[in-house]
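Take a look at the structure below.
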Amino acid sequence: MAHKMKDATKKASKSARPSSGILDTQALADKIRKNALKKKQEQAAAPALEPPIAPSVVLEDKVVDASAETAIQSFAEFDLIPEILESIQAMKFTKPTPIQAESIPHALAGKDIIGLAQTGSGKTAAFAIPILQALWHAKTPYFSLVLAPTRELAFQIKETFDALGSSMGLRSVCIVGGMDMMDQARDLMRKPHVIVATPGRITDHLEHTKGFSLKNLKYLVMDEADRLLDMDFGPALDKILKVIPVERTSYLFSATMTNKIAKLQRASLKNPVRVAVSNKYQTADNLVQSMMLVSDGYKNTFLVHLLNEFMGKSIIVFTRTVANSERTAILTRLLGFSSVPLNGQLSQTQRLGALNKFKSGKANILIATDVAARGLDIPSVDVVINYDIPTDSKAYIHRVGRTARAGKSGKSISLVTQYDLELYLRIESVLGKKLPKDPSPSKQVLNTLHVHVDRAVAEAIRQMKDIHERRGNRNHRDNHDREER
Ligand code: AMP
């Protein structure tokens, strides 16, 4: 986003130049100032990179299938200390996952690693196990720094470290934004072995917390490095790279190998081994996936706009809650569409009834929650609309898999509000690609539609209330707004 803004500013300043080719004094002064500033910035940026090192050569390049059987059948084959094996057993990991089987031996041999693997592949343990094994022998504070792009991921990583290090007296901290700086400073003073952090907050501590330094760091991990770079953490990463030793081991984990990763790899890894786990969660090639950015109050309007666009096609609209499924079904019917709800609040007979209506073509729109859709034989449809973004990335794959089956083409569109961005980025990271953004309808179309839709929404809510009062279902409200997972 920031890059785009920079480009836009560049373009704007280009077009502001006099076309005659003769610069006036103001423009000349601006130009000189700009050049001086640019030079200064370049000079300031130069030491951010470590002392020049030869471009890294990937020593070995292995791509393993995530679902393939690995040669390594047990963690005992890695020659780990008993404390770690004990924790692995307690965590009920019976055998290494492919990314673990392929990367741990190289990591234990002291190599830098580039791991191309998604969340869910077991990548956290793939980097945590060799770090803990090395820590057992060294037992020094501030031994490892793990950088993650989001707070949630940072907490998850810390949990994995704590579980794997439970028998060896591991001290770890999670240093992320939104938490008290003083508390964190106190935690850092307790000399933890492993720090899991988001880049901005750990940079704050490096700059402001007296007595805290990473000059003895031995292991640096960048998890979801593609996202770390996507989210413009670049300046913070540069600051961190500047204050940690060049002599260290680095692990870089990423869902995809992008150009940015290639650059980062050159800056911070030495002769790494690259291990890639092929994407287990692939969507069909004939599926066209896209997203639409929607402001929260306009979600129904966008939905109705899309239903108009895809008039006559078979469509599944996925919602997260029973209430959304019911209300959206009523709303769309009020607006003249032929739709049926499918959710966990319906009895099995009702669900099958709804499904038959959809299958027979009496209704061309099915408004379903994930739970209701799972395990049912729903035919392939033309379009899948994610009215609500699923909280679980696998559910996304499952949903869009309802279209583009058996070689037929299909389309999926996700309505993404400002509140869904975090979830949505996680889905893109699992997919290993960015989805194109569909253009929004014009403001005029949207506003005209919005008036009608808003009125219908109010009526749908009123009808839902009536239905529930008639049903007099005491438990209904409790279960109603809960997510169906
Ligand atoms: P991650 O990709 O690190 O987010 O891990 C995904 C999930 O897989 C986590 O719940 C881990 O606890 C679990 N996991 C990691 N390694 C193994 C393993 N070898 N066997 C079974 N589960 C594992």
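Count begins at 1; order follows the chain as displayed.
For all residues, glycine too, the Cβ spot is worked out from N, Cα and C.
Taking TrEMBL as the reference, the stretch among 1-25, 426-450 described by the feature region 'Disordered' is residues 1-25. Looking at 73-101, 102-130, 305-333, the range annotated in TrEMBL as motif 'Q motif' turns out to be 73-101. Panel annotation: around the motif 'Q motif' (73-101), residues 64-66, 108, 115, 117, 121-123, 125-126, 129, 132-133, 136, 163-168, 275, 277 of the same chain, lying at least six beyond its termini, place a Cβ under 8 Å from a Cβ of the stretch. Mapped onto DSSP helix, strand and coil, the motif 'Q motif' (73-101) counts 17 helix, 0 strand, 12 coil.
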